[in-house]
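**Q** Below, the features straight out of Swiss-Prot:
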type   : residues : note
REPEAT : 24-57    : repeat 'TPR 1'
REPEAT : 58-90    : repeat 'TPR 2'
REPEAT : 177-210  : repeat 'TPR 3'
REPEAT : 309-342  : repeat 'TPR 4'
REPEAT : 430-463  : repeat 'TPR 5'
REPEAT : 555-588  : repeat 'TPR 6'
REPEAT : 589-622  : repeat 'TPR 7'
REPEAT : 662-695  : repeat 'TPR 8'
């Protein structure tokens, strides 16, 4: 019935535009129709179209309304559209546009009729769509959304089994695609976000026969809305899901699913690459600490999308956030190779930071940090402070690698110098203040450490847990246990229940130091109940990084309780606690050390020595196990002189790893005494005595 129903434009000069409408093989200029519209004679204009193009009432009105819309007369277009009984037209079209099977020889003659029916359907649907657009431009957003929704409702009535992949008029498909894309935007603009969510899901789950680009735009818009709208979307309806399919439980999961589907389309060449999609996916996966998944997605991106340097650096950042520092450092080594970008300041700083967390890589990190400092010039000079901070951390970690006392002292001095230099650039950086305080504390400059601990608490407003822990540890090292407990209690009052684990463990150890073992046991029991409740609350969905952030897990609580009972000589309780800890972590040098203490307390020295040696086999750098074996051998050395050199070697090795271990100094003094070296023994006992006066209840390194 209708031929080409689109308006043709041809320019004559700069100002004159002559429009033409074509239908049923007939074309007519719109000059006469527009003149009647200008005079307000809508009915006469409609009659001209009906007579000139052989149209019925709804078709003529639809074309007339579109003409008004194209002319920019939105109010006029609405008046024309209001005169159409669109629902009645839809009902007629529902009968005239059946979903036919692909044409065969018998029904091929019916194809022209089907084409005519689809043209008629498009004309009516386009009228509703343009009415919605007119209302939107006039600021009547809610009305526009309802009109746009009626387009999709009408399509579902006409095509009850969904729009077929073939035999659909292009213009009809274009109208449907525009309406599907417009509806969620209108609901968002009107402020009805739940309707917007429903519209997005309807667009993606119903059969609209959308092209890949249109579908990709809708998926991206929906994902961005879920991530940034602040509206919590309810899970999708189970009725719309295929059995066994994955159902997102919250906004972030649904957004990640959409963005990963989009990336898959990009990789398969089904949609044009959009870099913002990967940026949104990075944000979403970072929110839920799933950067390992992000790295996997980045590895699957087709070559050429990212430069290899950018890919390596982004992968390194993702792996480092996932705790896979070794993989991250290897990627940064490639990126910083002399034939790539050896002076990339950000990559140098990241490499230095990662190396500062591992003693074996600290020397390499020192080189990266020094290169970063040298390259921090001009517009990047503000990053010099970051470079100095990384240099200080790397030097401090390097000082912990077994070396000569002179070299250790030199590295510690240079570490403090670098961190002090960084403070000049970033004097308001709380993290830098904290790290400088810890460096002073590890060197037993407790007065300076206390000052920086208080500065950190002031800088953060007391909102960061590690600041209170640090101050309590410094006070315990100053043997001010009651004050440390007051600080711990104050921190507990200001800390959420789920975050109290490290403070409760600290409080239990303070109780032990003040000879209150009963209260210490009760604190450990409360801590155990808290950790178990937390594990059950989060369930199997709890990520590794989230568990590490708590700093106290169930194994540590059972092990701490076992250590406490061992100090009270409650050996049966120790055995029960160790069994519980062993169920959670089968191999642990610290647990074997406590087991050795248990056997030693029972006067069974062979099993004790075996447990300590097993701990050393498991972790060759375990200082407690080295000291315990050295202590046992030094006791035997009174009767068996040949064991003294072995004990001396083990204790000296322990002191190279941890020169502040007072027990190692004490037992080394005992070895020297048994060996007849009284002067050396005196020096060792004096060192042990001095360290005992500044020994914290937990190592300062536990708060880093």
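In case you wondered, yes, glycine gets a Cβ from its N, Cα and C as well.
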**Q** Using a Cβ-Cβ cut-off of under 8 Å, list the residues of the same chain that are 6+ residues beyond the ends of the repeat 'TPR 8' (662-695) and lie near it.
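**A** That would be 444, 446, 477-479, 623, 626-627, 630-631, 634, 637-638, 641, 644, 647-648, 651-652, 654-655.
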**Q** Summarise the model confidence on the repeat 'TPR 5' (430-463) as a single mean pLDDT, whole number.
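**A** Value for the repeat 'TPR 5' (430-463), mean pLDDT as a whole number: 95.
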**Q** Quick test of the contact rule: Cβ under 8 Å, at least six residues beyond the ends. What residues does that give for the repeat 'TPR 6' (555-588)?
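**A** Contacts with the repeat 'TPR 6' (555-588): 505, 508, 512, 517, 520-521, 524-525, 527-528, 531, 594-595, 597-598, 601-602, 618.
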**Q** Could you tell me how many residues in the repeat 'TPR 4' (309-342) are helical, how many are strand and how many are coil under DSSP?
**A** 24 helix, 0 strand, 10 coil
**Q** Could you count the residues of the repeat 'TPR 3' (177-210) that DSSP puts in helix, in strand and in coil?
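**A** Looking at the repeat 'TPR 3' (177-210) with DSSP, the answer is 27 helix, 0 strand, 7 coil.
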**Q** Across the repeat 'TPR 8' (662-695), what are the DSSP residue counts per state (helix, strand, coil)?
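**A** Across the repeat 'TPR 8' (662-695), the residues distribute as 28 helix, 0 strand, 6 coil.
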